[in-house]
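Enquirer: Questions regarding the structure given below will be posed in turn.
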Amino acid sequence: MSLLDIRNLSLSIHGTPILHDVSLRLDPGRILGVIGESGSGKSMTAFTVMRLLPEGAEASGQVTLDGQPILSRSEAQMCALRGRDIGMVFQEPMTALNPLKTIGDQVAETILIHEKIPKRAAMIRAAKALARAELPQDRFPLSRYPHELSGGQRQRVVIAMAIALRPKLLIADEPTTALDVTTQAQILRLLTRLVREDGMGLMMITHDLAVVAEMADEIAIMQKGRVVEAGPTGALLENLQHPYSRALLAASTHAPARSPAAQDTPLLEVTAVHRFYPTPRKSLFGAPGRFHAVKGVSFKLRKGESLGLVGESGCGKSTLTRAILGLEQIQDGAIRLNGRPVFQGRQPDPEVRRRMQVVFQDPYGSFNPRHRVGRLVAEPFHLSPNMPRAERDTAVAEALTAVGLTPGDADKYIHEFSGGQRQRIAIARALITRPELILLDEAVSALDVQVRARILDLLADLSARYGLSYLFISHDLSVVRAITDRVMVMKAGEIVEAGPTETVFRDPRHPYTRQLLAAAPRLPEGLGS
Amino acid sequence: MTRYILTRLLSLVLSLVAASVAIFLVIEILPGDPAAIMLGVNAQPDTLAALRAEMGLDQPMVIRYLAWVGGMLHGDFGTSYTYHTPVAKLIGDRLAVSLPLALFSLLLTVVIAFPVGIWAAARRGSAADTLIMGITQLGVAIPNFWFAMLMVVLFAINLRWFSAGGFAGWDKGLLPALKSLTLPAVALALPQASILARVMRSALLDTLSEDFVRTARAKGLSRAKALRRHALRNALIPVLTIIGMQFSFLLAGGIIIENVFYLPGLGRLIFQSISARDLITVESVVMLLVFAVILVNFLVELAYALVDPRLRSGR
């Protein structure tokens, strides 16, 4: 008998169908990878098993855990089940913990909800659970608050909470999507170890084929609320049947066709740049400390080149990006575009700023929802004032067309567009001043693989058409490999390795580069080619 | 935590100094001679000279400022020109009414607003929620003096449970004094409770949609328990801010209600001293109110730190 058995599960929310006849099985001690893009219903399947659905949700079909039906249980019975028999780990470790309670209290709470034992005993068991999640008490006392921990450490706390009572089933919903590659690798190893040790079943939800390819025993691929293909990992990946599964695989290994067009003339020159931040004073009248975020970084980006900058969160890559854009003062060194310094005294030079634009990660948060797309796209024109209205409208129409949208879209509001379309609009906004350099700061990280593949194609195409240069900042190594000519690896404010992309990826010199490459999840060799 | 308190204390002292300078300068910069303003246009020259000497206007400005501040630090607020009594005693008498009244109505506000706000948030979108929101909307909209007069008609004139106005005084015992403050306190609390209940509800709805509440539910907590144990404390920061502002308002802003109920409170004192151009009293009462506002803000910030560990560690 299976541990988790989902049969013909259908779900609708306020009458809108979300899931159609979903059937999945998971045995004890096994890992089931559920893969799909956003909106495929993978998270909703998990929330149905937990019965933590939004209001207006109606589920039909059968869900059994250890032979016991789930859907017909009362809410009180579900409360007794959640946390004890089913544990859950979420995507966003930064917000998944209560900021006002200590980690010890939060882990112990799981135990105290389900067992009548003294608080003290619960704390001892909480310490054990945290230790199993690799947060030993001597280094991470129970009295720590979430804000004193990094994202990866917080995710370990969430895992400790979920496994404290050794549940039969663990559901992990994109548990590593928000984490750096090396942290991701550690968390995935931890989850795999716990599954094997406790013999629990793990339902691992992710959009990343490579993540499950390495750890899952079985895989189910979902699209638009349906399971389109399911089976044992190895066999399934080697012989994908469904067109959607194939498209998904192709997209996740997609490299746009590019013809390197780098000229010898340097476009962007960054010379020995330093950036310090003051840190809070230790005592009321003590001198403030300082944090050296960028430590003497130098590099050149040539005209027409696509240069990658990889590194984990906190390595200084965002600070460097902001400094290049003139959004951040530097304390030492020089940044020049076409030989002209970015800074004129303390202010960025508008003439230089117009030649470079930026596209940020979050296609949802980087637009003012109350402005029409036309106005959003025309925003960079504040750098070239007194432009006639007609000229402005023509430029907007051109930019929208260039990114595959229509001029008519200028009259719409941003909420009418999907994530991928929004990122196209962000690129249109960057294109409108006809820049020579575009900084792409994690610009495709939040996108589904198929959308990401299309945006990468678009970027390659725009670069060829307009002779654009890119500085591509990302923590995603596979994307950087697909779109850049050269790559730089940044660690703790320094560039530790730089070179032609293929050379660095094939023959990394610096130990840190090797560590990064080893940690990145990979699809088995030969797949997708 | 110590650092947090020390920085807040430092800012409290600096705010007080800045406020005292500002108040002093406003009175100084008023066109014309303060003594002449107080006495009006028909003043006799010798009366004017006497008042100028009494107010110390013949001294340099810095000396007068220091004397004023120094006096206040010793509890000497000068002598009221219209009442011919020490301002300190005047303020003390009025505070004995206004402070208990403010505390009383704030207590009512919190006691009403918390359950109502929490109840509405827990039943978001239900008929009960809609009804509560409608009632609080009304509570904000109804002028409180009108509500006060309705209560006088009902409870004082028809039912004769309370007196229609006046203050019994604390020397007559606790109960009669509290009784004479009850109707004014209710009248003051009605709009404040409506505002606070709405703030409580929306703050709670914000935290209820946070990821950590979902985490708490995944551990096996029921909806109600997740609200109580996880959402509530997280929703307190905006609520505390509003409570602080409400207290400052209640202390001096009850002037209309004080007039409706003939209460000898601070609000009426300010009004009367301004009408009588008694600048010495005005200056001191305003300084006292500023002090109260700054002190309340300080206490609210301490409360933030108690609620939120991130503030304690200075981040």
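Placement of Cβ uses the backbone N, Cα and C atoms for every residue, glycine included.
Please treat TrEMBL annotations as automatic predictions, because they have not gone through curation.
This is the feature table in TrEMBL:
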- B:95-300: domain 'ABC transmembrane type-1' (DOMAIN)
- B:9-30: transmembrane segment (TRANSMEM)
- B:101-122: transmembrane segment (TRANSMEM)
- B:134-157: transmembrane segment (TRANSMEM)
- B:177-197: transmembrane segment (TRANSMEM)
- B:235-257: transmembrane segment (TRANSMEM)
- B:285-307: transmembrane segment (TRANSMEM)
Enquirer: Taking the transmembrane segment (B:177-197) as the reference, which of B:9-30, B:101-122, B:134-157, B:235-257, B:285-307 gives the largest number of Cβ pairs under 8 angstroms?
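Expert: Looking at each of B:9-30, B:101-122, B:134-157, B:235-257, B:285-307 in turn, the most contacts to the transmembrane segment (B:177-197) are made by B:101-122.
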Enquirer: Give the nonlocal contacts of the transmembrane segment (B:235-257) in its own chain as ranges (CB under 8 Å, at least six residues past its ends).
Expert: 98-99, 101-102, 105-106, 109-110, 144-145, 148, 184, 187-188, 192, 195-196, 199-200, 203-204, 206-207, 263, 265-268, 270-271, 289, 292-293, 296-297, 299-300, 303-304, 307-308
Enquirer: Could you give the residue numbers and ranges of same-chain residues that sit at least 6 residues beyond the transmembrane segment (B:134-157) on either side and whose C-beta is under 8 angstroms from one of its C-beta atoms?
Expert: 116, 163-165, 183-184, 186-188, 190-191, 193-195, 197-198, 256-257, 260-261
Enquirer: Mind checking which residues of the chain, 6+ beyond the ends of the transmembrane segment (B:285-307), have their Cβ under 8 Å from one of its Cβ atoms?
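Expert: Same-chain contacts beyond the flanks: 1, 4-5, 8-9, 12, 15-16, 19-20, 23, 72, 87, 91, 233, 236-237, 240-241, 243-244, 247-248, 251-252, 266, 269-270, 273.
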Enquirer: For the transmembrane segment (B:9-30), find every same-chain residue at least 6 residues outside the stretch whose CB is under 8 Å from a CB in it, and list them.
Expert: 37, 61, 64-65, 68-69, 279, 282-283, 286-287, 290-291, 294-295, 297-298
